[in-house]
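Below is one structure, written out as structure tokens; the observations come after it.
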């Protein structure tokens, strides 16, 4: 029985996990795909470096061509990361008729469409389940499980670092800076955490999810992004008082033929299924017209969960290989891209402002909202002892983004408003 | 372009949902499967009954043979329920080379293995995603998404009626009888609720899940079942005090080559992902050695969610049809069945007993536990004013079922123990 040969690009923690799973699950893999699976070559930077897993040194190479042009290699697994050079490798692999499994969300968010087109041209599979949500089989869930439905909403906690930070801030009442520092010491956050805390990582994943979920090609630039670095422990405390939990939410919504996508710190009502997702866990909430609410929960990262998703994709590729149907499973976007205008994006908002503690100020403020047709769900007015200042915390009913931005501008311009402390999107179940 | 012809067995609420989805999603379906999809015949009891959906009366029939022996029908969708007659229909359909999609958990739990064998012999697909968890794509999640992993634990809230009842009892402090009556009036519970409240429905679903998850043929009789009809509001109150939420949990665990499966009311620690699953929602928690914890959440029943799962299966069948690979996706169990002995089944337990309020009684009780090597995680002793009775509530550390049953027997036999009020399995995260 012919065995399937794998070329592995990269041998970091995920790559090592892939090697371990394929080694330790050889019987199970045989049972699933009906033939042996063998890693034939591994691309590394330094072939002499000591590795935490036992590997025949003869299969290591520092020359990508040894894999990309090896006629015996059926499937290339890419777990090296990076964008431009990696993209070239994968395009070469596909043109050589090799199927590709990748865990690279940055690459897929930026060049997924192009890579999928090349794969389709050359009759190859290109699977990327591990690029979103680590071990959560969310992409298959979107493509297969909800195939018959019309998905109108996707909400995701898709970045473990920020969820860890917000969970600690919420449960322990600590500041962003303090928790971030601790997270860095514990290895839950990178030395340069920008891509995580400013929401870019989450935006990349939402690009991939929205493209699949809405069957419409969404670009990274279409996703409005705001990170968590300005979230304060006071904001979270006020939210708690009102029954909300703060999460960094990737939000994608379809109405009629138009969609919107964003990433922003968001207050979720405590009964929302995403509100109880804690620490470094990820979850994606999907609303379909027929199925209603579903949610997929699991570890969003980690070398073994990600490696497990990579091997699941590998199993799918090999099953397709054995029945000769590779390159047919990709679903090209059905709809042309149509984005909502700001005037078509509706949300509730939390707003916290400091105002002069004088007669008539509250009326001035509420008049601005009324003028734009926006009413309130909840209002809290609290005296602050110093400087004759009052704090006003309010939650609006639905407002269009256009109206809300005009309201904010008019509030800034109001003499009595000393400071707009913070504002967040609010999602209630 | 040849269209795919469907024969529908049954036109109740799920069947009506299937008709609606296929009608309203014709474009989307075309895009997914590349050809038109048409319902050619529908089996009903009464062809003259008024229907809540517009249907050409000429496609209704009360004779199953009109569908089973129609050479043009490619796929039979079974949403009529029932066991013996339905099984005969499906076997006939498979032998006639028709692919089958069913939402019938009772049938699959009892005769799934036989039906899958017939399907495989005749090269037909037999898909049954809708039989477990309504709209949650959990079966695909088990087979595909976690293909590369070794699943060691499955825990499910897989019955909406009991979860609704327990949620109401927990949130509103009301009694089982009162909440059940209300649920019946609201249509959330059947007039005869036995199959739901006594855990049989959940056991059937766990049979299907454990068979797939462990790749081992598990029979309904292998699942130990206990329902919720003896759960009291006091029990729930004590659980709350200790940080636990009461849920009807289907539990399947694998250790080495042996498995156990049960359905029982269980105290979950509040931080367990399943603890926050409320009302009629279902969720399945899966622990895999590589991926760690994942959870699938969604509506466990309902005509549209179930119909949506049925149509997802239909899409999968048609994709297979178009590339000519039907009958190859079923994974036959890899391992022979090996069940744990009671002495190999470990759990923590909650126990509430009434004892005589006398010196030395507590020592007598703890001596019994100590003799069997079982220690305590928490103990609460509360005086009860009348009859010189004390109430003792305790949570044990891990104990084997054998030890625990012996302990219970010795407690029953103890003069000072007036009553064993209740005992439940405890699962902490």
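Numbering starts at 1 and runs along the chain as it is shown here.
Cβ coordinates come from backbone N, Cα and C, glycine included.
As annotated by TrEMBL, NADP(+) binding site applies to A:9, A:10, A:11, A:12, A:13, A:14, A:15, A:16. Marked as NADPH binding site by TrEMBL: A:105. The L-homoserine binding site annotation in TrEMBL covers A:190. The feature active site, proton donor is assigned by TrEMBL to A:205. Sequence annotations record features per position, and here TrEMBL assigns domain 'ACT' to A:350-425.
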Which same-chain residues, if any, lie at least 6 apart from residue A:9 (NADP(+) binding site) yet have Cβ under 8 Å of it: A:43, A:64, A:67, A:76, A:77, A:78, A:79, A:80, A:86, A:89
Around the NADP(+) site recorded as A:9, A:10, A:11, A:12, A:13, A:14, A:15, A:16, what other same-chain residues have a C-beta within 8 angstroms of the site's C-beta center? A:8, A:17, A:18, A:79, A:80
Rounded Cα distance, in Å, between the residue listed as 'NADPH binding site' and residue A:15 (NADP(+) binding site) is 15
Tell me whether residue A:12 (NADP(+) binding site) sits in a helix, a strand or coil according to DSSP. coil
Determine the Cβ neighbour count for residue A:13 (NADP(+) binding site): the number of other Cβ atoms within 10 Å of its Cβ. 15
Given the recorded positions A:105, A:205, the candidate whose Cβ has the fewest other Cβ atoms within 10 Å is A:105
Secondary structure split (DSSP) over the domain 'ACT' (A:350-425) reads 27 helix, 35 strand, 14 coil
Rounded to the nearest Å - Cα separation of residue A:11 (NADP(+) binding site) and residue A:205 (active site, proton donor): 23
Rounded Cα distance, in Å, between residue A:14 (NADP(+) binding site) and residue A:190 (L-homoserine binding site) is 17
Listed binding-site residues (A:11, A:14), ranked by Cβ neighbours within 10 Å, top entry: A:14
Looking at Cβ-Cβ distances, which residues of the chain lie under 8 angstroms from residue A:10 (NADP(+) binding site) while being 6 or more apart from it? A:43, A:44, A:78, A:79, A:80, A:81
Where residue A:190 (L-homoserine binding site) falls in three-state DSSP terms: coil
How many neighbouring Cβ atoms, not counting its own, are there within 10 Å of the Cβ of residue A:12 (NADP(+) binding site)? 12
According to DSSP, which kind of secondary structure is the residue listed as 'NADPH binding site' found in, if we only use helix, strand and coil? helix
Taking only the CA atoms, the spacing between residue A:16 (NADP(+) binding site) and the residue listed as 'active site, proton donor', expressed in whole angstrom, is 23
Do you know offhand how many angstrom separate residue A:12 (NADP(+) binding site) and the residue listed as 'active site, proton donor' by C-alpha? 21
